[in-house]
Amino acid sequence: MVLELLKNNYERNDEHYYNEKVENNTSKHKKKKKKKKKHILVEESEKYDRNIDSENNEEAYNAYELIKTKPNNIYEEKYDFSFQNLDKKCLREKNNMRESYRNSKDIIQYGTNENDIFTEDMLENDNFDDDSFVEDDTMDYKTYNSYTKPEFNLFSKYSTESKKKNIMNNKKHSKIEDFYKKYKNNSEYSKQANEHDASIIQFLNNNKKSVDCGKMKDINFKKNDSQNYSESNKYKNEFFKNYNYDNKYTNNYAHDNNQDSNSYYYADENEPKDNHEEDNDTGDTYADNEEDEDNRDDNDDYSQYNQCEVESDTNQIRPNEKRYNESIKHINDSNLKINKELLLKRETYTKRDNIFYIKKDIIPYKKEHNNNRFSLYDSSKNNNEHNNNYEIKFMNYKKDSEKEGEQWLKNIKKEKDEEFLKKYMYENALKKTHSSKDLQFNRLDDEKNILHHDINVDNKMVRLDKYERSNIRDMRNKTNKCNMLRHDTAEFNKIRRKDEINNYSEYANKCLAGNIYEEDDSYILKRNELGHKELKVIDNPILNINPDDKKKPNIKSFLDKIKYRKNNELFLKNEHEKYVGIQETNKKDKIKMKFADILHTKNFSNFFHRGKNSIAKSLSPNNDKKNTSFNNEVFNLNILGKNDKNSDYKQYNINCSPYDHENTSFHPSVREETKYYENKESRKRLDYNCDEDNYIENSIQRYHENNIDYNSINIERTINLREDIKYNEFLNKPDKINSENFSNNFNDNKQKSLKNDDSNKIRDTNKLYYHDHLENTMRSNYIQKEYTEKISDILESNSNNMRKFINKMDYYTKKYEQNLYKNDEDIYTKENKFPDSRKEFYNKSDSPMKVTDGIKDSQYENYNRIKYKLKMKQEKQDKEDETDINIDKKLSRKMIENNKLKEENESNDELIVTPFYIKSKIDKVLKNSEIFERSARATFKQFDVKNKNFLHFSEIESLIQKLCYNLELPPVDKKILSIVYKDYDSSKNNCMNYMDFRQMYWDLLKQIKKKYYPTKNFKIKRNCIISRKKLQGYDYSSIYNYLSFKKILGCGAFGEVHLVEDNICKLYKVVKILKKKKMKNIKVNEEINVLIYLDHPNIIKIFDVYESVNCTYIVMELCEGGELMNKIKKPQIFSETYIKNIMFQILCAIAYMHSNNIAHKDLKPENILFKTDGYDTLKIIDFGLAELINKSEGISKTAAGTVLYMAPEVFKKKFTIKCDIWSAGVIMYFLFTKSLPFTGNTYEEVKQNIFNSEPDYQFLKLKMSKPALHLLKLMLEKDYSRRPMAAVLLHHPWFQGYFDPIDILPSTLNNIKSYMKHSNIRNVIVNIMAHELCVINNHVKYINDIFLKIDSNHNGSLSHREIYNVLSNAGVKKWDINRIIQALDVNDKGCITYTEFIAGCYRWKNIDSTFLKAAFNKIDKDEDGYISKSDLATLVHDNGVNNKDIENFFISVHSIKKNITKDKKINKISFEDFKDYMLSTF
């Protein structure tokens, strides 16, 4: 009890303790005078007002008492104790610390200075009364987080003369700094600079920075060229792309040799590169986004200058761009000159040469130029980026044609060949009736290339559309034009053989004829089909042949000329025959036009028959001839296509897409639907529907709605129902239902039998419709029966594909709907409906179906029964969906409620007074004499109610009780208080005056502070526990002094991992060796700094770091349980409870990292290890890609990680720390299903799946509970703004069991209470031992579980409030709680870390001596085998540490020995002495 201390320390020598100290210190104060005035308070403030050794304060106060009696002017001039001389810089530092305690866990981030001692400014609370510790009950006693006026100045009430001097000096100093700072290229200061300053900055940047850059680069820096790109860059400049002609894609990710085959690492291509060369090593997962520390200072100016200049120069054309534009313009000018010559030659010649040219985009990475497909009508794929002219040759395909190309190009340029070509082309032109038609020549601007003959190129095969060609006169209005130019064939014609001449000339004649109704429109295509050959496009650019070569005699060309002349007569005969055939087809076209008009009158539905008459076929809407008239296209019902019997297209495979028929080499030939108008249903359509065009439009719409799955084609081909004789008998019956009007694969496969069947003729139109309907029903029933029997085997073997096929076969359900109702009820989907036509038919009173009422009733009953079942299934599914939605809402609401409850608990107004708040309040009163005087006088007046200027014992008793309550002290013993009262009462008549009370009040506060709220002068930072040593020399010999290598555990591109044994403490550990030569651009220190700072039970610990010239050695804890991936690969199925435990630990570690703004960026099962085989404690490793994301921005652009686990926003290179949540969701999916949710064979395929696909959540309902599924959906949310943080997810109802009340074992409470009784230096040593504690047993696992449960906000550290709640529920007194909290918080940071918590809770009594040896070696910095005072000062990196505390520690160590007296000075401690002392304290 404090009063007992006062009683024992009080000495009755006619003067009180307080006044006695005044006399003793008066002489000391006179000697120092101004020196103490200037320096004492400054020294105290530089220690953040934490030095509570009150000797200096007492001296200052005593001086104040002595000088108080002097005149006022003397006091004001010479002695100023109002603390106005406190350094302004310290004031700013204190103000910066305001509210730091309330949000200490959020503010203390990675990289902060841990030397800063936590302090509390009491004036942050405007309601706090500095003058009293014993406020009235009506006063609000605020807690540490109730600060409202951080701007309030502590010393604003006092004189400011010396403060003004400091302010003026600081202003002068700041002006000088700002003057130089202004001309530094600082983006933050640039916002405050005026225009004049900006011009100066720009001048300095343009001169100094460029010179520095030139020196660094060893080049002359060019003006207006602020950014230099290397040849390896993706783009050469801002406007023109540099294509990769070798590879189609660039490899943006590297495969690590250490990782699984499916792990790919993706790095940002646009990250800034270092200025030095890199080794071409691959395989590691590091992503370097900054320059090395060695080059950072040198490159800073250059990088800033470039960054400043890029924006200003974006609109300027750089020299390399000018050269590129000039080369383009030169090519354009040359092409323009050639085309001008062509125009001149066109005027001189009356003959026409039909040369085709193609304008085509250059795709460098596709090397299939020689097999292209082109279309005369499709203009959607034109692109004017590259206007190179190419010549098309139509030739019979031969494999050896490419070998003779170069030689042939030389031979065809001869004059004699040209004259011959001119002759026969002139003769051909004379035969044409439409020779007067001149096609348009397109000329573009002078800066662009001239478009000669534009034929759009699609794919590998040549394709000419016969159905969408328009009139030649209208072709000049389209983009794709086939213009025939008159020009010199000696320069541009490259015809090789007789067959090529025939093909080319015949096609040219057809084009010149311009008759779009002729039958042989695609003459070349048919010629190709007959010869089983293909057309070929040669994309060789036009070569300018040297004119001197034309004059040289060439024997070969002469022989070719004779050969051509011999064949000329046969050629002319063929041309004449074709011309006669054209005239005949013109007559047929006129007849076609007449019957096409008749067709639209809707009066001749019975005109068509099954004969082979060509006129009848030409009138059929499904005829394979073209029926276009003046650009009015006829809809092709058989859009699926059918193989032409004379083509090699029969082996073509149709892909699973409704539009794949458009990608074939030719348009699919139209099926001859001879039964189109012969059935009753068709006639009914013509009679009752409005017109044919509307019906066709409806057919198109229904076709697109059906979205047929074309995989059914292969299934039906497998069945091959055409060979079924019984089926052919039914096919002979001409009746068809309405769905037959649609082209489907089922009918297409039977078309051959339909064509060969002579019995398919027009039926008598007078037959009753109900007979047709009965026959149709029998036919469909039988077909369906046979069909279902034959596909049963396929259904068994490929059920999933068949299910998808049936779901999409709308045309199938329409055609055989009635029969399907009877045979197979389970394959229906929601799209099955009773046909509208059949409903209307039943509703008609005069329907002939009245004759067959029995059949109708049975069918209708079946329909109602199936409809009812479908309705019930739909209702059940709707209920399940509604239940899922309600559960999701309920779970989300519950998670939000849990988080709100957590926030309310943190911000409630209960009076939970933390020890730091009380300590800071006591420190403020004891450090400032004037504040103490005010506090003592206010307390005295508060209890002197009658203003009698003295206090009775009863009043003193009430005062002490109130003081103990506010400062959370034990209750007062009345007997001891009466003794103390008598000792301090100088009047001896039960009347204590103010002077006596002031002395007692001073002594009482000092004793309270010493026992209950002591100051910790010996503090250790975490980076002091992890030692970093530099090894001497280039060899590895020195590392063997510390570690013994046992075996290699793994190796990668940048280093190796070994199992080692510590030579000193004999503990097994793991060392990661990183070779510096292979890691020039990867900062090893980033990973080391992150691991040093992070302290969590689920994150790997590091012990030591050794650095040599060649390598860096990182010593980490050993995890013997192996990777999580190894357990996933095993066939064992995990229970949901097991997965929940794993996910809880992962999310706890993620929440801790995110609270410190650290993103791991490479979470995957390979980077999650089990500590031991017997326990499921996890450790997250490999922080090589970890990044500290700025809290203000919250966005990173350094994309890195393993592709299979990367979040969608990482691919966009704009992501937050929530990318780790996505990776955890993928791991959770992996644990439940043993498969990844997003896979692919290539990087691009995986990327597209991540962006576009969703996991099969319906399948997951069978494998996990609904809360688990809801949590998984939240984690795999593609929009990261809607993806919750890890701390929020940990309050999800799935983790409800982890929120149960925490019961702390009595043994653990005893360990904590014993821990609080020892000195701070001893507890620091125990913390070092706790860090070296790398074993996992039941006791350690229990402590880990308690730590995670106490951490209610899941930020990885325990606040004083969280500890207070748990210990108070355990029955610990609040004054003991304050002492426990202060003992656990070794560094006074305001929160308790994992290592500090385990140091106080662990049972150290039976600890192995190896951990004591490890702690001893950490303290023994000079490695001489002894702990000296200098070693302790070096350990805390503070040479000014209080020597008194260290001396007390040395005395305590040697006091356990009987032979050593306390008076003997001891300067060293051996390991044996250290061991005996530590074991005695446990």
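From the backbone N, Cα and C atoms, a Cβ is placed for every residue, glycine too.
Over in Swiss-Prot, the protein carries these features:
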- Asp985, Ser987, Asn989, Cys991, Asp996: Ca(2+) 1 binding site (BINDING)
- Leu1049, Gly1050, Cys1051, Gly1052, Ala1053, Phe1054, Gly1055, Glu1056, Val1057, Lys1072: ATP binding site (BINDING)
- Asp1351, Asn1353, Asn1355, Ser1357, Glu1362: Ca(2+) 2 binding site (BINDING)
- Asp1420, Asp1422, Asp1424, Tyr1426, Asp1431: Ca(2+) 3 binding site (BINDING)
- 254-264: compositional bias 'Polar residues' (COMPBIAS)
- 277-301: compositional bias 'Acidic residues' (COMPBIAS)
- 302-318: compositional bias 'Polar residues' (COMPBIAS)
- 739-748: compositional bias 'Low complexity' (COMPBIAS)
- 972-1007: domain 'EF-hand 2' (DOMAIN)
- 1338-1373: domain 'EF-hand 3' (DOMAIN)
- 1468-1482: domain 'EF-hand 6' (DOMAIN)
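Under the DSSP three-state reduction, Asp985 (Ca(2+) 1 binding site) is assigned to coil, being neither helix nor strand. Fewest Cβ neighbours within 10 Å among the binding-site residues Asp1351, Glu1362, Asp1422, Asp1431: that distinction goes to Asp1422. A Cβ distance under 8 Å defines the sequence-distant neighbours of the domain 'EF-hand 3' (1338-1373), meaning residues of its chain 6+ beyond its ends; these are 104-106, 902, 905-906, 912, 914-916, 970, 1095-1097, 1144-1145, 1147-1148, 1151-1153, 1155-1156, 1175, 1177, 1286-1287, 1290, 1298-1305, 1308-1309, 1313, 1380-1381, 1384-1385, 1390-1394, 1397-1398, 1401-1403.
Taking the centre of the Cβ atoms of Asp985, Ser987, Asn989, Cys991, Asp996 as the Ca(2+) 1 site, the nearby residues of that chain (Cβ within 8 Å, site residues left out) are Phe950, Ser986, Lys988, Asn990, Met992, Asn993.
According to DSSP, the secondary structure content of the domain 'EF-hand 6' (1468-1482) in residues is 11 helix, 2 strand, 2 coil. On the backbone, the CA of Gly1055 (ATP binding site) and the CA of Asp1422 (Ca(2+) 3 binding site) stand 30 Å apart. Other than Asp1420, Asp1422, Asp1424, Tyr1426, Asp1431, the residues of this chain whose Cβ falls within 8 Å of the Cβ centroid of the Ca(2+) 3 site are, in sequence order, Ile1419, Lys1421, Glu1423, Gly1425, Ile1427, Ser1428, Lys1468. In the predicted model, residues of the domain 'EF-hand 3' (1338-1373) average a pLDDT of 85. Among the listed binding-site residues, namely Ser987, Asn989, Asn1355, Ser1357, the Cβ with the most fellow Cβ atoms inside 10 Å is that of Ser1357. If you take the Cα of Asp1431 (Ca(2+) 3 binding site) and the Cα of Ser1357 (Ca(2+) 2 binding site), they are about 29 angstrom apart, rounded to a whole number.
Between the C-alpha atoms of Ser1357 (Ca(2+) 2 binding site) and Cys1051 (ATP binding site), the distance comes to 35 Å. According to DSSP, Asn1355 (Ca(2+) 2 binding site) sits in a coil region rather than a helix or strand. Ranked by Cα separation from Asp996 (Ca(2+) 1 binding site), the binding-site residues Leu1049, Cys1051, Asn1353, Glu1362, Asp1424 are led by Glu1362. With Leu1049 (ATP binding site) as the anchor, the candidate binding-site residues are Ser987, Cys991, Asp1351, Asn1355, and the one with the nearest CA is Asn1355.
According to DSSP, Asp996 (Ca(2+) 1 binding site) is assigned to a helical segment. Across the structure, Cys1051 (ATP binding site) and Tyr1426 (Ca(2+) 3 binding site) are spaced 38 Å apart at their Cα atoms.
Each of the binding-site residues Asp996, Asp1424 was ranked by the number of other C-beta atoms within 10 Å, and first place falls to Asp996.
Put simply, Tyr1426 (Ca(2+) 3 binding site) is 39 Å from Asn1355 (Ca(2+) 2 binding site) when counted between their Cα atoms. Cβ neighbour count for Val1057 (ATP binding site): 17 (other Cβ atoms within 10 Å of its Cβ, all protein chains included). When the binding-site residues Asp985, Ser987, Asn989, Cys991 are screened for a Cα within 10 A of the Cα of Glu1362 (Ca(2+) 2 binding site), none qualifies.
Classification of Asp1424 (Ca(2+) 3 binding site) by DSSP places it in coil, neither helical nor stranded. Note: the Cα of Asp985 (Ca(2+) 1 binding site) and the Cα of Asp1424 (Ca(2+) 3 binding site) are spaced 57 Å from each other.
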